[in-house]
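Taken verbatim from TrEMBL:
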{"type": "DOMAIN", "residues": "2-183", "note": "domain 'Josephin'"}
{"type": "ACT_SITE", "residues": "16", "note": "active site"}
{"type": "ACT_SITE", "residues": "16", "note": "active site, nucleophile"}
{"type": "ACT_SITE", "residues": "121", "note": "active site"}
{"type": "ACT_SITE", "residues": "121", "note": "active site, proton acceptor"}
{"type": "ACT_SITE", "residues": "137", "note": "active site"}
């Protein structure tokens, strides 16, 4: 846990949504089982809403014939599950390209965190100590330092690769890493994200 950063590494599981949330909140806040319970609750609310038009309606029968849209058999969760999980912390997720997020696009370093999603993979990019950014992708063996200079480039690269980026809104729980990195503006001698070369994927 360099700099006191909490970082979960994904192994042979499909628990990246839980890893993503725990990295964002910097602790073991959510398990796959807890996220599954949230998904099942959302499924039931959707069933009740669809049933209002009649349980014999074409739309309801079609809905009931489908698998859950909030969790699949591999343990992949929808954005609605992550949003619902974060409500308990008064934290919300807003798409980066929402009209209200012009400032987040132009000045990403002023935000607190971002969550990225592509197909079934979720991960967090988070600021610590007021200025220091790390990519907490659970596919990485350790957190990847991202300088403020390269934060915009990283977000642009992810968008080009097909990721959907969400801006994290709300006050994040203070962590050990926040205390450790408080007052620093850069980590010049620390290995960090670099803009990929043209011939790299």
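Note: Cβ is positioned from N, Cα and C throughout, glycine not excepted.
Residues near residue 16 (active site) in space but far in sequence (CB under 8 A, at least 6 apart, same chain), listed by position: 10, 120, 121, 122, 123, 138, 139. Neighbour list (residue 137 (active site), Cβ cut-off 8 Å, at least 6 residues apart, same chain): 123, 124, 144. Its own atom aside, the Cβ of residue 121 (active site) has 18 Cβ atoms within 10 angstroms in the protein chains shown.
Taken as a whole, the domain 'Josephin' (2-183) shows an average pLDDT of 87 in this prediction.
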